[in-house]
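First the structure, in the form of structure tokens, and then the observations on it.
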Amino acid sequence: MNYFISAIGTDSGKTIASAILVEALQADYWKPIQAGRPTDSDTIRQLVSEHLVIHPERHLLETPASPHAAAAVEEKKIQVSDFNLPHTSNSLVIEGAGGLMVPINNDELIVDMIPRFNAELILVSNIYLGSINHTLLSLEVIKSRGYPLKGIIFNGISTPSTESIILKYAQVPCLLHIKPEGQIDPVVIKKYANEFNYNWNELARKG
Ligand SMILES: Nc1ncnc2c1ncn2[C@@H]1O[C@H](COP(=O)(O)OP(=O)(O)OP(=O)(O)O)[C@@H](O)[C@H]1O
Ligand SMILES: C[C@H](N)[C@H](N)CCCCCC(=O)O
Ligand SMILES: [Mg+2]
């Protein structure tokens, strides 16, 4: 199975969540569009087991901006039809850039790429005042497109009133809660990978 990791915005914890999933599922990793350095693939390489495969970006832009703007600055063209799944027989964790409604050119958005990936979506919701609105807006877009949503990963200080209202609207389970960590390293990623696998197996057991 492939999983597309999106979030309610940029800097939400998609790369951390992707590292956890890659380690938990022993999956490959792919970031189709990277804007700015260090690359998320570099970060993943430092966080997950050495034998796990990271596929090269399809578009690697130097400018840390929205892909449509970075591509324009670098006189490149990104379009949905550029993206074909890398060849692998393994599960693949695919990380978006920013949130779902981020433009890749003047007419197409990150959300338009998803049908090419034969993937279930996982939404990272980082918790802050305002994150309920951003999460429900993201869920609305996912629903309106009819995309399969596997679950939500919360990132940040545990806030039950926020999480319960989001889960009520989402009608999907919380797959993991990532707490604010002093540092993110392979030990922390492994700890969360074990927790993720426990939750994943419990959800499967409960049906
Ligand atoms: N739970 C956490 N504890 C500590 N640091 C965190 C946590 N979650 C995220 N961070 C840090 O916040 C920053 C942004 O996280 P991350 O790179 O995962 O975001 P992203 O959603 O992948 O962003 P992008 O849209 O650029 O891909 C990183 O420096 C990351 O290490
Ligand atoms: C450069 C950054 N780290 C991401 N890769 C791209 C974020 C695009 C955000 C666009 C937006 O929502 O305004
Ligand atoms: Mg990232």
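Positions of Cβ are set from backbone N, Cα and C atoms, glycine also.
Per TrEMBL, Mg(2+) is bound by ASP40, GLU95; the candidate from THR15, THR63, THR88 named for the same site is THR15. Under the DSSP three-state reduction, ASP11 (ATP binding site) is assigned to coil, being neither helix nor strand.
Note: the Mg(2+) site is recorded as THR15, ASP40, GLU95; in the same chain, ILE5, LYS14, SER18, ALA19, TYR29, LYS31, SER41, THR43, ILE44 also have Cβ atoms within 8 Å of that site's Cβ centroid.
GLY96 (ATP binding site) falls within neither a helix nor a strand when secondary structure is assigned with DSSP, and so counts as coil.
For LYS31 (active site), the nearest neighbour among the binding-site residues ASP11, THR15, ASP40, GLY98, judged by Cα separation, is ASP40.
The Cβ of GLY98 (ATP binding site) lies under 8 Å from the Cβ of ALA7, GLY9, THR10, SER66, PRO67, ILE110, each on the same chain and at least six residues away in sequence. Listed in sequence order, the binding-site residues among GLY13, THR15, ASP40, GLU95, GLY96, GLY98 whose CB lies under 6 angstroms from an atom of ligand 2 come out as GLY98.
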